[in-house]
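Here is what Swiss-Prot records for this protein:
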- 21-40: transmembrane segment (TRANSMEM)
- 95-115: transmembrane segment (TRANSMEM)
- 142-162: transmembrane segment (TRANSMEM)
- 167-187: transmembrane segment (TRANSMEM)
- 210-230: transmembrane segment (TRANSMEM)
- 235-255: transmembrane segment (TRANSMEM)
- 266-286: transmembrane segment (TRANSMEM)
Amino acid sequence: MTLKQKWDVYSRLTRIDRPIGTLLLLWPCLMALMLAAGGMPDLKVLVIFIIGVVIMRACGCIINDYADRDLDSFVERTRSRPLASGEISTKEALILFVILGLSAFGLVLLLNGLVVKLSVVGIILTIIYPFTKRITNMPQMFLGIVWSWSIPMAYAAQTGEVPMEAWWLFAANWCWTVAYDTMYAMVDRDDDLKVGIKSTAILFGKYDRQIIGLFQLAALACFIAAGWSADRGLLYGLGILTFVGFSTYQQMLIFDRERAPCFKAFLNNNWAGLALFVGLGADYLI
């Protein structure tokens, strides 16, 4: 295998070629840093968290593909993944996971002790998540915890503590993650039923759209509460309204439960997250 071919395999394994997951992780993390700092976060902390998000998203993809390597070949969307197709060995994938994980932990060691402790929990959660799809119909709810863990870490890094304000943002992101990852799971639902992978898309059944809507409303309420507790103003409110607009559009996309529109709805959440981030940033700047 040439160096170019190896890079192609690694980029697909870590999803560097598909940044949507990194962006969905990044927006709430950046919001947490801004809220914790009351505006512009410490530059060192900001750089560490941005790099950390990229690395840990890659780690999550590797361990997810490792856990699903025997099932991915039966699912239309995942059968070409490097581990499922045999392009890379499990040993090589795990070595890469360890290298990236240690790199992320090395960055965390540059921060305070509370962040280090929280990061250990975060790594454990990241490793556990892929295996929850075997034992529970609600892996998206566990993913919501994993996907939101950077929020208390961001507050701890910036302030040395995790106040109630952080948990409002955590709850908002948890609800939002369950909503958009259920949309994602709707894409694979037929294949997942055949191979025994569990998901909230299967659990919610014919009420999937309605329950996604409830999670979107709960996320909205918690995002408002987080902004209220931080005394945010009109421009953050405009970001919230834009988030509502995108959420409404997503409901329209998933109405017929077809694969392509459901995937489009999932991808659209990047813009919803960006709207919240821009609204919050503008509220601090103007």
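Don't overthink the numbers, they just go from 1 along the chain as shown.
Note that Cβ sites are derived from N, Cα and C of the backbone, with glycine treated the same way.
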- Note on the structure: Listed stretches 21-40, 235-255, 266-286 vs the transmembrane segment (142-162), most Cβ pairs under 8 Å: range 21-40
- Same-chain residue ranges lying at least 6 outside the transmembrane segment (210-230) that approach it to Cβ under 8 Å: 35, 38, 164-165, 168-169, 171-173, 175-176, 178-179, 182-183, 200, 204, 236-237, 240, 243-244, 247, 250-251, 254, 276, 280
- Query: Near the transmembrane segment (21-40), which same-chain residues lie under 8 Å Cβ to Cβ, leaving out any that are not at least 6 residues past its ends?
  - Reply: 15, 46, 49-50, 53-54, 56-57, 60-61, 147-148, 150-151, 154-155, 157-159, 165-166, 169, 172-173, 177, 180, 226, 230, 269-270, 273-274, 276-277, 280-281, 284-285
- Note on the structure: If one takes Cβ-Cβ under 8 Å and requires six or more residues beyond its ends, the residues near the transmembrane segment (266-286) are 20, 23-24, 27-28, 30-31, 34-35, 38-40, 176, 180-181, 183-184, 187, 223, 227, 232-240, 242-243, 246-247, 249-250, 253
